[in-house]
Amino acid sequence: MSSPNTWSIGSSVYSPVFSQKMTLWILLLLSLYPGFTSQKSDDDYEDYASNKTWVLTPKVPEGDVTVILNNLLEGYDNKLRPDIGVKPTLIHTDMYVNSIGPVNAINMEYTIDIFFAQTWYDRRLKFNSTIKVLRLNSNMVGKIWIPDTFFRNSKKADAHWITTPNRMLRIWNDGRVLYTLRLTIDAECQLQLHNFPMDEHSCPLEFSSYGYPREEIVYQWKRSSVEVGDTRSWRLYQFSFVGLRNTTEVVKTTSGDYVVMSVYFDLSRRMGYFTIQTYIPCTLIVVLSWVSFWINKDAVPARTSLGITTVLTMTTLSTIARKSLPKVSYVTAMDLFVSVCFIFVFSALVEYGTLHYFVSNRKPSKDKDKKKKNPLLRMFSFKAPTIDIRPRSATIQMNNATHLQERDEEYGYECLDGKDCASFFCCFEDCRTGAWRHGRIHIRIAKMDSYARIFFPTAFCLFNLVYWVSYLYL
């Protein structure tokens, strides 16, 4: 008879303890053998992965973060900088330029929108926790020490407050602090307008500590110190963004030596607007003033009105061109061009005034007047045989009407009494006989229009050649 604690199977006898051991070994082998593991669908695998990630991420109770912050702020004095009395606090800075523009040339300033970041170490903010970094909002900013950074050349600066203050604070467990904020700054830029509108400028953005000298705070640029956004959305209008560069310098003042960080934005002016608004109209007005050289000199109202109109138009254009500039005391490139155009237009008017003056004030020959007054001179005057090469008056019969063909007027002018015109012009009596002195300029007043048709266009073309080569390539 068998014992109650044993089972008889065939010729083998098994105890309950041995049976339990065998069961455990079989379950262990089945769990290790991959063929008996169940196949999981993709959805099950994703859930498993997410669950695994959730398990590996330590769950941080809200109370733990509150305890950490309370412990950090307990006994913390935000009026004192880190490592005070030990070493200077090192501030690493970088910025992201969101946009630049517009540039106001009259006020000599430009607008820039940036994200400004500062990083430093504060040993008082170290903590031991599974949390590596505390991501905090702007409410924590006023409770810890923040660098007193200010922008030296800013005229006006605004921090963004909609919908909440655009400030961010990060505290790592090793005491590293990151503080970023978004700013819109109207910064001063001293524009040198000598080459306007072909000028290029480097507009700075300078910042430093307001109260801590170099012995207390030292600023340094990060490796990727300044980055820019999409320049196509920038409102530069008249300018093109060329590039940027950043520098570090020490400025000495009566209160100490301060580390000053600067970013220079290189801008180049676009000429399209000023070419359409100033250069082309001024050139056309100058060319229009030359039309008077082809109008008959006896058409006094036509030539006078044309000259006065072009002069007044140039005056208006010069006034409009100056409105887009500050009231600088030096001459710009545009001022030079407009002034020369005004001189050409005014000279065309003066040319006709000179021509009309000499034509309307011509006098008969003095010798002829004497002969008319004294009949004895007419009787006894002896004339040497000469050949008169002047064109004589001719009578032309046309349609039963008699017309006198006018003699060339250039032989009818005399030098004006009381005028030393012989020093500059050839008096007409002398010109006819060829008795004018050596070195005297031989100018025929009647042909001033013919001379002006060649001189004015040639001089203006030479001026444009020198002007554009000098300002664009030299």
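Placed from the backbone N, Cα and C atoms, the Cβ positions cover glycine too.
Look at Swiss-Prot and you will find Cys189-Cys203 tagged as disulfide bond. Less than 8 angstroms from the CB of Cys203 (disulfide bond) sit Val103, Tyr110, Ala187, Cys189, Tyr264, Phe265, Leu267, each of them six or more residues away in the same chain.
Summarising the annotation, Swiss-Prot assigns N-linked glycosylation site to Asn51 (among others).
Using a 10 Å Cβ-Cβ cutoff, Asn128 (N-linked glycosylation site) registers 8 neighbours. The N-linked glycosylation site feature in Swiss-Prot is assigned to Asn128 (among others); the stated evidence is sequence analysis.
Taken from Swiss-Prot, the feature N-linked glycosylation site applies to Asn246 (among others), supported by sequence analysis. Under the DSSP three-state reduction, Asn246 (N-linked glycosylation site) is assigned to strand. Cβ environment of Asn246 (N-linked glycosylation site): Trp221, Ser225, Val226, Met261, Ser262, Val263, Tyr264 lie under 8 Å away, each six or more residues apart in the same chain.
For Ser381, the entry in Swiss-Prot reads phosphoserine, with the evidence type a curator's inference.
The signal peptide annotation in Swiss-Prot covers 1-38 and is backed by sequence analysis.
According to Swiss-Prot, the topological domain 'Extracellular' annotation covers 39-274 (among others).
In terms of DSSP secondary structure, the topological domain 'Cytoplasmic' (296-301) contains 2 helix, 0 strand, 4 coil. Residues or ranges marked as topological domain 'Cytoplasmic' by Swiss-Prot on the basis of a curator's inference: 296-301 (among others).
Here Swiss-Prot flags 322-333 (among others) as topological domain 'Extracellular', drawing on a curator's inference. Through the fold, the topological domain 'Extracellular' (322-333) approaches residues 105-108, 191, 193-199, 339, 467, 471 of its own chain, all at least 6 residues removed from its boundaries and within a Cβ separation under 8 Å.
Residues annotated as topological domain 'Cytoplasmic' in Swiss-Prot: 359-450 (among others).
What Swiss-Prot records for 275-295 (among others) is transmembrane segment.
Annotation source Swiss-Prot lists transmembrane segment at 302-321 (among others).
According to Swiss-Prot, the feature transmembrane segment maps to 334-358 (among others).
According to Swiss-Prot, the feature transmembrane segment maps to 451-472 (among others).
Packing against the transmembrane segment (275-295) from elsewhere in the chain are residues 302-303, 306-307, 310, 313-314, 317, 320-321, 334, 337-338, 341, 344-345, 348-349, 351-352, 449, 452-453, 456-457, 460: each is 6 or more residues past its ends and has a CB under 8 Å from a CB in it.
Long-range Cβ contacts of the topological domain 'Cytoplasmic' (296-301) within its own chain (Cβ-Cβ under 8 Å, at least 6 residues beyond either end) map to 352, 355-356, 359, 449. Per DSSP, the topological domain 'Extracellular' (322-333) is made up of 2 helix, 0 strand, 10 coil.
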